[in-house]
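Student: Below is a structure I'd like to ask you about.
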Amino acid sequence: MMKHGKGEDVFKYIEKTNEKNLYRINKGLVPGMNVEGNMYVNEKLKLLIDEEIKMYQLNKSSTFLPAVIQIANVSTLPGIVKASIALPDVHAGYGFSIGNVAAFDMNNEKAVISPGGVGFDINCGVRLIRTNLFYNDIKDKQEELAQLLFNHIPVGVGSQGFILCNQNNLDDALSLGMDWSVKEGYSWIEDKLNCEDNGRSLYANSDYVSVRAKKRGITQMGTLGAGNHYAEIQIVDEIYDKKSAKLMGIEKKNQVCIMIHSGSRGLGHQIATDALIEMEKVMSKYKINVIDKQLACTPIHSPEGQNYLKAMGAACNFAWINRSSMTFLARQAFSKVFNQSPDDLDMHVIYDVSHNIAKIEEHFINGKVQNLLVHRKGSTRAFPPFHPLVPLDYQYCGQPILIGGTMGTYSYVLTGTEKAMENTFGSTCHGAGRALSRNKSRNSLSYSDVLSNLKEKNISIRVASPKLIMEEAPESYKNVSEVVQTCHDSGISNKAFRLRPVAVIKG
């Protein structure tokens, strides 16, 4: 693992371009860069990047790598095309930074797939459900709704779901994704139509999921988990693009929505762990030398690469079922409080997006269509109007992009653009991105102050683990509005509407 001796050695490779909010990470920052890095940050967010670099320089004995170095490291991987891309919410992660997009040429036999480019929580993502309710309808029931959602949706580390699976059921679920949810009565048919990939990965094969991974997943279907995962009752706070919002069923301020942020739980984590161990063992066979062992990888078309792709697809299906199951539970909770059916309450899924995934997609490179394996880690697909993979309902506005904020802050719905297709492989940000480590958050923030701040904003909170109050406080994250505005100003996504939370459920 390479280490720079002086701060200026890093900074001199970072160059501001003529394009708004775009910095270039030039070749030479680390040995063996195949392509440059492109980093989308405004001046305020750039200061956080600079602080990460300075911290790295001061602590020479640490194994910590700042996001800029990680972006450059990814550019050394075999088969990468165009650039290693950092989005405004970028921060240091495992191997790849969180907020990194990297695409690899499927026609290059040396091009690789890397579990670090997806993350441990495979298909961590966000779902947004609208209702025909407005804030006046729920303000006297806010605490009741918060408690009922907390009671209905299993939360926290090790939480167990209400869907009891046996081995055969789980194998079917891992293969079918949301088609399984529809078959079992947990989803409406329309739900999957407004879900990325219709809620089913065609790469999935449960035979490539280890017994240990299945054992971890079998009890966790329909569970929120912990960390930054949440279910929130939100209200529409601002509408920027009335036409796009209307296509999503949003016409007025104060309309009530539910946002669910969760992933593939222990099953996905185990699949990632299994793949990293396997790939570390065999890299020498393929003559792959990585600059950081956390970038363990194998050729896409190798047996190990294909095995991971199939297991990852199964984890994606599990995550879509997981969010579908919690949608079912949220619909039950609202139905119980308002004594109306979910259909009468217009509880339709607006969209469901992933922000930890690798997928084979077609993109134009140097004027030619190429099949690429696009790794998105802490980044969201952002396909434009009239793209064939955008649902029929959204052909005129582009794919909805769901950007979750932090506990007590705004969330956003954006739409995809042609410029994203040209510059970022059809990708944009995924959220706020951490600014403080979990440990620093626990040590520097006060439990009572964070709760008091939420109370002042009239936000109901239910949390299974009190330490999460500090870890997930708004002060622990970058300003999500800055992140979203940077993407909007850069043209890689457009703002449609903004939401603010009135009730937060966390693990």
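Sequential numbering from 1, following the chain as shown.
Each Cβ is built from the backbone N, Cα and C atoms, and glycine gets one as well.
Pulled the feature table from Swiss-Prot, pasting it below:
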BINDING   Asp121, Cys124, His229  Mn(2+) 1 binding site
BINDING   Cys124, His261, His355  Mn(2+) 2 binding site
BINDING   228-232, 355-356, 404-407, Ser411, 430-433, Lys506  GMP binding site
ACT_SITE  His430  active site, GMP-histidine intermediate
Student: What is the separation, in Å, between the Cα atoms of His229 (Mn(2+) 1 binding site) and Asn356 (GMP binding site)?
Tutor: 14
Student: Using Cα-Cα distances with a 10 Å cut-off, which of the binding-site residues Ala231, His261, His355, Asn356, Thr406 are near Cys124 (Mn(2+) 1 binding site)?
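Tutor: So the list is His261, His355, Asn356.
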Student: In sequence order, which same-chain residues at least six apart have a C-beta under 8 angstroms from His430 (GMP binding site)?
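Tutor: When sequence neighbours closer than 6 are ignored, His430 (GMP binding site) has Leu87, Asp89, Gly99, His355, Gly378, Ser379, Thr380, Ile403, Gly404 within Cβ distance under 8 Å.
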Student: Same chain only, sequence gap of 6 or more: which residues have a CB within under 8 Å of the CB of Asn356 (GMP binding site)?
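Tutor: Sequence-distant Cβ neighbours: Val118, Gly119, Asp121, Ile122, Asn123, Cys124, Gly125, Gly263, Arg376, Lys377, Gly378.
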Student: Could you state the whole-number distance in Å separating the C-alpha atoms of Ala231 (GMP binding site) and His261 (Mn(2+) 2 binding site)?
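Tutor: Cα to Cα, Ala231 (GMP binding site) and His261 (Mn(2+) 2 binding site) are separated by 6 Å.
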Student: Using the recorded Mn(2+) 2 site (Cys124, His261, His355) as reference, state which further residues of the same chain have their Cβ within 8 Å of the centre of those residues' Cβ atoms, listed in sequence order.
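Tutor: Once Cys124, His261, His355 are set aside, the remaining close residues are Asp121, Asn123, Gly125, Val126, His229, Ser262, Gly263, Ser354, Asn356, Gly404, His430, Gly431.
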Student: Where Asn228 (GMP binding site) and His261 (Mn(2+) 2 binding site) are concerned, what is their Cα separation in Å, rounded?
Tutor: 8
Student: What's the most sparsely packed of the binding-site residues His229, His261, His355, counting other C-beta atoms within 10 A?
Tutor: His229
Student: In DSSP terms, helix, strand or coil for Asn356 (GMP binding site)?
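Tutor: Asn356 (GMP binding site) sits in a strand per DSSP.
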Student: Setting Asp121, Cys124, His229 aside, what same-chain residues sit with their Cβ within 8 Å of the center of the Cβ atoms that define the Mn(2+) 1 site, listed in sequence order?
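Tutor: After dropping the recorded site residues, what remains is Gly125, Gly225, Gly227, Asn228, His261, Ser262, Gly263, Ser264, Arg265, Ala319, Asn356.
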